[in-house]
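Listed in Swiss-Prot:
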| type | residues | note |
| --- | --- | --- |
| REGION | 1-73 | region 'Disordered' |
| COMPBIAS | 52-62 | compositional bias 'Acidic residues' |
| DOMAIN | 223-514 | domain 'Deacetylase sirtuin-type' |
| BINDING | 248-267, 330-333, 458-460, 483-485, Cys500 | NAD(+) binding site |
| ACT_SITE | His350 | active site, proton acceptor |
| BINDING | Cys358, Cys361, Cys382, Cys385 | Zn(2+) binding site |
Amino acid sequence: MSESASMLQGSKRGTDSSVDVGGAKRTKVDMDDGSSSNNDEKELLEATKADELDEVVDDYAEQNDHSAQEVAGEYVPKKPEQPIMLTKDSNSGKYVFPPISKEDSLNARYFLKYHGSAQFLDSYLPEDLNSLYVFHLIKLLGFQLKDRELLTAVQKAVQNDVTSGVSSVVGTNPMVERVSPPQLSASTPSGDGYDDPLEKKHAVRLIKDLQKAMNKVLSTRIRLANFFTLDHFISKLKSAKKVLVLTGAGISTSLGIPDFRSSKGFYSQVTNLGLDDPQDVFNLDIFMENPSVFYTIAEKILPPEHKFSPLHSFIKMIQDKGKLLRNYTQNIDNLESYAGIFKENIVQCHGSFATASCVTCHLKMPGERIFQQIKDREIPLCAYCYPKRQEEYPTVSDDPGTKNGQQSSHNSSSIFHMSRSFGVIKPDITFFGEALPLEFHTNIRQDVLQCDLLICIGTSLKVAPVSEIVNMVPAHVPQVLINRDPVKHAEFDLTLLGLCDDVAAFIAQKCGWDIPHENWPQLKQRNIQYDELERGMYYVYDPVKEQAKDTGQRQVQAP
């Protein structure tokens, strides 16, 4: 057995030794002590860092045989008929990796989570192996290494293109032969007869990378194998009793309210404020230093009064069907209340414009009372604190305006900072640096355990802790994303790309339900279509809008 195989066998023996990190299992390599070769291997393992891994499971070619076993609606991964076996090209003498399909990769990931590390390694790896088996197993789990030196070394030993997610064979010669890994003779002293296609440092790196890949699979959610089509979603939505809906800025853009992170979003519009980070507009420390930074641009995100989108009404429809467990919204526009969603069914994770409070005396008032001042780009002041503000800080301007045509700097003395924010009324929006509302923490723990369907709409899931809700929901609960762009750092079972209102109308049409919105009669008549982009991902669109968009783009591009 080669030394790389020996080191991996040590890893296989030690898979039951683990540490608990935030509820996730991390496997450790259990090396034998006593021999100099094992000590050398241990030092090499400790000195070698794991590579950066890219998840490429979605890049694998899809095979739609759907022969996976389903028992009581739960996917049971298949045990491989035999461990991985590499072949060799008869002409080049290079190893040939077997092809990997997306189905193969998903089954391997599910097998690891279902049966654990020890049984996974025993089932997928032969007793005699070399480092190339480890490389192939990493790819089978859906990961691609980024270390160029390591990839170059592997490429020299194999016929396949190792830089892509798909194990496509380079060259045209189909003649291959099954081979066993190189072996060390019994008389060969351990440590002196290293015989492996890769150098020992590369073999050690691969072992580290395999452990890292396995740890990531064990600690993250894997998509359900029996929930990936529109029909699956429609059927589940009809039968669900406790739907958890997580919404973001994308559900309000049809009303003219900008999102935050797109090229035309809010953050791209505030680059002229001289901030190191556009998100500092919502930084509590900066607001207390200079509230004019926020009030100069607050009108851009001020919600329209008593208006709401068809998507808001789509959530109301789910509520009216008795299916809505809770709507966790990251939006601050409070449009859910205008749509008729009950207060007890809404958690405004980042606060809202619904109310406002004095930062000094904490007097609370309806947010609408300061809307006109926000529109006029004035800093709203508390009537109770205003006399003291005038007495203590008579020279402080109450305008968010400018000095010599330039935006006022928020880098001033601490006394000036205190005076600028004294008695200022702030919308009850959760700024960066503030705790989330108590109702979030009160409800989320029980809601994630009770829900039977999670729908995330119009969000990029970039802001914690709300973004972690997808990882808190039990793994067997289907997760659906409705958004303009895919969210690659989460494992949604079904992704519906498109405009939120169009997707909502399409789903309502398929369910035979009516959305309680004034535009529903027109939306109901639209011939909304879809294209399947890949397994579990669809593009939903209105052909009329698409044609108009294409025409507009051609007109812009015309000389």
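Cβ coordinates are placed from backbone N, Cα and C, and glycine is handled just like the others.
For the recorded positions His350, Cys358, Cys361, Cys382, Cys385, a Cα-Cα cutoff of 10 angstroms around Gln330 (NAD(+) binding site) retains His350. Looking only at the recorded positions His350, Cys361, Cys382, Cys385, the one with its C-alpha closest to Ser252 (NAD(+) binding site) is His350. Taking CA atoms as the reference points, Gly248 (NAD(+) binding site) and the residue listed as 'active site, proton acceptor' are 10 Å apart. Cβ-based crowding with a 10 Å cutoff singles out Ser252 as the top-ranked of the binding-site residues Ser252, Gln330. Between the CA atoms of Cys385 (Zn(2+) binding site) and His350 (active site, proton acceptor) there is a gap of 26 Å, rounded to the nearest whole number. Comparing CA positions across the recorded positions His350, Cys361, Cys382, the one lying closest to Gly256 (NAD(+) binding site) turns out to be His350. The sparsest Cβ neighbourhood within 10 Å, among the listed binding-site residues (Cys358, Cys361, Cys385), is found at Cys361.
Just so you know, the Cβ of Gly458 (NAD(+) binding site) picks up 26 other Cβ atoms within 10 Å once every protein chain is counted.
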